[in-house]
Amino acid sequence: MGRSFDADDPFSAVLAPPPNETPAEKAAREKKEAEARRVSDEIDDMLRQERAALKKKRPVRVLLLGQSESGKSTTLKNFQLTYARKAWAEERSSWKAVVQLNLVRNVNALLDTISREMGPLSPRSQSPDSDMEEEADSMPSREASPGDSPFPFTEHHHLLKLRLGPLRRIQRDLEVRLGSSATEVLPSSAPASENTSAAPFDGPVPRSQQEFYVRSNNGWKSALEKIRFLSGGKSDERRSKDFDSSEVTEVLAECREDMKALWEDPVVRDVLEKNKVRMEESSGFFLNDIDRIATRDYQPSDDDVIRARLRTLGVQEYRFVFEIGRTAGHEWLMFDVGGARTSRAAWVPYFDDIDAVIFLAPVSAFDEKLAEDRRVNRLEDSYLLWKSISGSKLLAKTQIILFLNKIDLLEKKLASGVQVRDSVPSFGDRANDAATVTKYFQQHFREIARQSNPEPRPFFVHLTSVVDTKSTATTLSIVEEGILRDHLRRADLL
Ligand SMILES: Nc1nc2c(ncn2[C@@H]2O[C@H](COP(=O)(O)OP(=O)(O)O)[C@@H](O)[C@H]2O)c(=O)[nH]1
Ligand SMILES: [Mg+2]
């Protein structure tokens, strides 16, 4: 820090060297000044390092954003699986009930689909079983006789339906026990809420949306803990009498062969195909794992936990101390959010002081509609959301990493013959293969970012299938490095 003297500055005159100074006096003065400067610089340095160390000790803060079912929670699980193995292992068995619920839901969805085609039961196979009554309630009523169906259903199908009846109650019990995260959002025909415009994130949060703001410190653990509590053998009077997790396991084991028979049945497959129902692409799909899951000693694997679907409500906060990687010993704070349109206003308070945003766009959804608003194309919604996140002034200096997710499903969909241009007319006559399609979508995202970023910002993008833990681990190590670099750079700038 050189000192300059300005003749016009009255303060400079005071600091200026005496006019009649001898060379020896000058040397002594300069030495003293240099020493003072050195001490001062040293103190500055120490303070800066202390501040940096303090900042470095602060958790790395990452916000996961994207529409509902884009893969946010799955990405979070991958972080935990890769970097916080201990916490992961402790939690794994608690996911058993979630996987069981996912499977039961798959089977009930199959039953729903074929029931619509079957018409009412033949009198012979009808029973007064209460499960059946309820099932009939949930079906659209249809005046039809068994001979009415265009599909060759037999007595065997009616029998399967009857024998799988208890799964209705199992689903309901599990949903009640796991709490509201266990149920999915229902389609609504109500007009989309106000927060769907291009830049909803910088204004005040409309009052009507504030009620969706939920802050929880334990995220999915709240659902898992309920199950752990209920199945942990605690002799607590709060333990429900009518729910027994071993009963769920038992019913599933008893239904194993019937569930398999239903899923593998050619007529059932035909019904699915004619109705364009792609079970394999639905959330929490476990029908190909019946043999493994519907057993009395089932324990979830890492993959099961990654693929299990539990809806995220509000904004949930997760703390992990990373055990490996460049940030070993460092705490990461990750925020997972509910992605449905009505939940998005609750994101804003988290934009402040975030090291990075990971934004997920499920590119396989180019021909799908939002669950919460059937009129809106899911890719279109992702573009809009990306535009408002990129354009947010609160996030202007934050690193944003885009995951074009569900690449595996995109490949499957294209291979089955679905044409992108039917849903995205601007795609035109380009080749309908995954490489061309992802490149096209990627350019669109890049262009939106370029136009909306309040100040220039690098465009980081990864093509991901976050249910594939191995390839995701590679992606995450790149992401980890980038986020960490930014985190440290910010600390130095303090
Ligand atoms: N096949 C496939 N499924 C995925 C992928 N990412 C997420 N999923 C599934 O999609 C569903 C929704 O994912 P989730 O992480 O809960 O989405 P969120 O609502 O954004 O948190 C879950 O059943 C996931 O297993 C992917 O890349 N490929
Ligand atoms: Mg989620």
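Glycine too: its Cβ is placed from the backbone N, Cα and C atoms.
Per TrEMBL, the listed range annotated as region 'Disordered' is 181-206 (candidates: 181-206, 233-258). Taking TrEMBL as the reference, the stretch among 1-40, 41-80 described by the feature region 'Disordered' is residues 1-40.
In the three-state DSSP classification, Asp408 (GTP binding site) falls within a helix. Summary of the GTP site environment: with the site residues Asn405, Lys406, Ile407, Asp408 set aside, the chain residues having Cβ atoms within 8 Å of the Cβ mean position are Gly71, Pro362, Val363, Ser364, Leu404, Leu409, Leu410, Leu463, Thr464, Ser465, Val466, Val467.
With a cut-off of 6 Å between Cβ and the nearest atom of ligand 2, the binding-site residues Thr312, Lys406, Ile407 reduce to Thr312.
Annotation note: Thr312 (Mg(2+) binding site) sits in a coil segment as assigned by DSSP. For the binding-site residues Lys406, Ile407, Asp408, the largest tally of other C-beta atoms within 10 A is found at Lys406.
The binding-site residues Thr312, Asn405 differ in how many other CB atoms lie within 10 Å of their CB, and the one with the most is Asn405.
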